[in-house]
């Protein structure tokens, strides 16, 4: 069922207020005893946990429930709900970066670009949610593990359990992340590009919109591959260094 644009803003505001509340709970209660230097980023991880896995589940349900799903299919009500849910999260996390890390241009640009994709899909063209939500699933599939890894990394130097958890999570997290971002993501993006460049969606999604989507996603995937590649290099150096110490 195609969604009417009736009353979308209150739902979006409700989701934003929810993430804002979760952030405050994390900052002032959950991480109140943590160092002020890592409390903001830890609170960001907390709202990411509240967004990532639910977004994957909701996206999967909304896609499977749409018998007419496709790259140019009209957005359904469940799909628009997920888009609003994710728009609210990225707005809240964008606010977090503007307040605490205004010089972190890369993440701010990433969030703005992601919001552009979600907002244009949700409110401008009202088509193509299938493609955007599949990409969202791929992006958030490793969210729970990544946030646990990030939190462990923040405390690994002063908490033994955090150091152990960080070492335990790193190889499987890097592996799954590499497969999703380095193989599955690029393949789906190619399928998406091939469909749109054929002109099959020109009546419902303007060229400048889908080209912008492709550019944003391609850039995000490229940065992700570079990021995880650096992590693999660091892991190799760390494990090699520990092995050399044992040998000596």
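Any Cβ shown, glycine's included, is placed from N, Cα and C.
Remember, TrEMBL labels are computer predictions, not curated facts.
Same-chain neighbours of the transmembrane segment (12-31): 38-40, 42-44, 46-47, 50-51, 84-85, 87-89, 91-93, 96, counting only residues six or more beyond its ends whose CB sits under 8 Å from a CB of the stretch. As annotated by TrEMBL, transmembrane segment applies to 12-31 (among others).
What TrEMBL lists as domain 'TLC' is 37-240.
Residues of the same chain lying 6 or more positions beyond the ends of the transmembrane segment (43-65) and with a Cβ under 8 Å from any Cβ of it are 19, 22-23, 25-27, 30-31, 76, 78-79, 81-82, 85-86, 89, 92-93, 96-97, 129-130, 133-134, 136-137, 140-141, 143-144, 147, 150-151. What TrEMBL lists as transmembrane segment is 43-65 (among others).
Feature annotation from TrEMBL assigns transmembrane segment to 81-100 (among others).
Positions annotated as transmembrane segment by TrEMBL: 131-152 (among others).
Within its own chain, the transmembrane segment (173-190) is flanked in space by residues 134-135, 138-139, 141-142, 145-146, 149, 214, 217-218, 221, 224-225, 228, 231-232, 235, which lie at least six positions past its ends and keep a Cβ under 8 Å from the stretch. As annotated by TrEMBL, transmembrane segment applies to 173-190 (among others).
According to TrEMBL, the transmembrane segment annotation covers 210-233 (among others).
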Positions on the same chain near the transmembrane segment (81-100), where near means CB under 8 A and six or more residues out: 8, 11-16, 18-20, 23, 40-41, 43-44, 47-48, 50-51, 54-55, 58-59, 62, 75, 107-108, 111-112, 114-115, 118-119, 121-122, 129, 132-133, 136
Contacting positions for the transmembrane segment (131-152) when only residues 6+ beyond its ends and CB under 8 Å are counted: 41-42, 45-46, 48-49, 51-53, 55-56, 59-60, 62-63, 71, 79, 82-83, 86, 117-118, 121, 162-163, 165-166, 169-170, 172-173, 176-177, 180-181, 184-185, 188-189, 192, 213, 217, 220
